[in-house]
Amino acid sequence: MHFPGHSSKKEESAQAALTKLNSWFPTTKNPVIISAPMYLIANGTLAAEVSKAGGIGFVAGGSDFRPGSSHLTALSTELASARSRLGLTDRPLTPLPGIGVGLILTHTISVPYVTDTVLPILIEHSPQAVWLFANDPDFEASSEPGAKGTAKQIIEALHASGFVVFFQVGTVKDARKAAADGADVIVAQGIDAGGHQLATGSGIVSLVPEVRDMLDREFKEREVVVVAAGGVADGRGVVGALGLGAEGVVLGTRFTVAVEASTPEFRRKVILETNDGGLNTVKSHFHDQINCNTIWHNVYDGRAVRNASYDDHAAGVPFEENHKKFKEAASSGDNSRAVTWSGTAVGLIKDQRPAGDIVRELREEAKERIKKIQAFAA
């Protein structure tokens, strides 16, 4: 423990090296590894194990925030699970260290309820952060500034209750708006990411430094943190993201095969057997169309492993016929047409292991890679 005025030179050096993320999340270790709030995958146990290993673990909070929604019940259950896993069940007033919640804002019918239904759950369970993503641009444009359910109103309400706010973006334009709305952390997600994302964007190699430069230039009055997401699966990718200007690194696909994740076995198998992600994953609106998922605005699409349904689509099979095959396969237990969200780094993922081990391995790999780079530059 650090006491002002009683620190050694070594301790003073360590303190000087702390980043803004470290100050907000004192249990984190550098480089900061963050597990993404993947819907139906990122549960409380997974988040807790990431936190215990010195990372930041996010629990998926869903997208339906209307009173009585099953998403609300599941969120409360998973946060209680995280508290239990962290050994804090008998300390209900202690904040959950290194734990956050992810909320999808594209369901315009339910976003006005966030502060009425989600916020009380967050206050009760005390995660440290909230990650927002996919606000509907039409809803934002048609609403009065700060109206209920807008990003700005939600961020202000979260700040008033003491939460650090992450906001996921895919363009510099959206990063600017998120920062103007008050976000503390910009999650700069590149198009190599798995799952939902901006339909039009770039990879983190250009996105992260341009977002960082914009924030330094236009938001000088406060420090807005940037973390990178998309296409990272090992320590080499972590170092690359840090070199681009990120203060922390988000991984999604790597954690889908963590032992603690809620990923079904057939999807784990798909992830572990897929390689050459640039060829064998596809970024498209088709994945939501075949799933009949209608809540997503068309500015968002998603990246998933190429499968029989997509191959038929690419070959020109009419959607009605393709969807019939999709439903018949699902009803017969054939998962070859099911959507498995995945990023392009899927080919780097070779095994299933505990989430804490993944975090520690990423951190050590990154440190070793940094040493090698320093040797090259000497």
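Backbone N, Cα and C atoms are what each Cβ position is placed from, and that goes for glycine too.
Quick caveat, the model's predicted, so the values are computed rather than measured.
The active site, proton acceptor feature in Swiss-Prot is assigned to His196. His196 (active site, proton acceptor) has a Cβ environment of 23 other Cβ atoms inside 10 Å.
Counting Cβ atoms from all protein chains shown, Gly230 (FMN binding site) has 32 others lying within 10 Å of its own Cβ. Gly230 (FMN binding site) carries neither a helix nor a strand DSSP state and counts as coil. The annotation FMN binding site is assigned in Swiss-Prot to Pro37, Met38, Tyr39, Ala229, Gly230, Gly231, Gly252, Thr253 on the grounds of similarity to another entry.
In the three-state DSSP classification, His196 (active site, proton acceptor) falls within a strand. Per Swiss-Prot, substrate binding site is recorded for His196.
DSSP assigns Thr253 (FMN binding site) to a helix. Residues Pro37, Met38, Tyr39, Ala229, Gly230, Gly231, Gly252, Thr253 are recorded as binding FMN; their most distant pair of Cα atoms lies 18 Å apart.
Comparing the binding-site residues Met38, Ala229 by how many other C-beta atoms lie within 10 angstroms of each C-beta, the top residue is Ala229. Under the DSSP three-state reduction, Pro37 (FMN binding site) is assigned to coil, being neither helix nor strand. Sequence-distant contacts (6 or more apart, same chain, Cβ under 8 Å) of Tyr39 (FMN binding site) comprise Ala60, Gly62, Ser63, Gly102, Ile104. A Cα-Cα distance of 12 Å separates Thr253 (FMN binding site) from His196 (active site, proton acceptor). Taking only the Cα positions, the spacing between Gly231 (FMN binding site) and His196 (active site, proton acceptor) is 13 angstrom.
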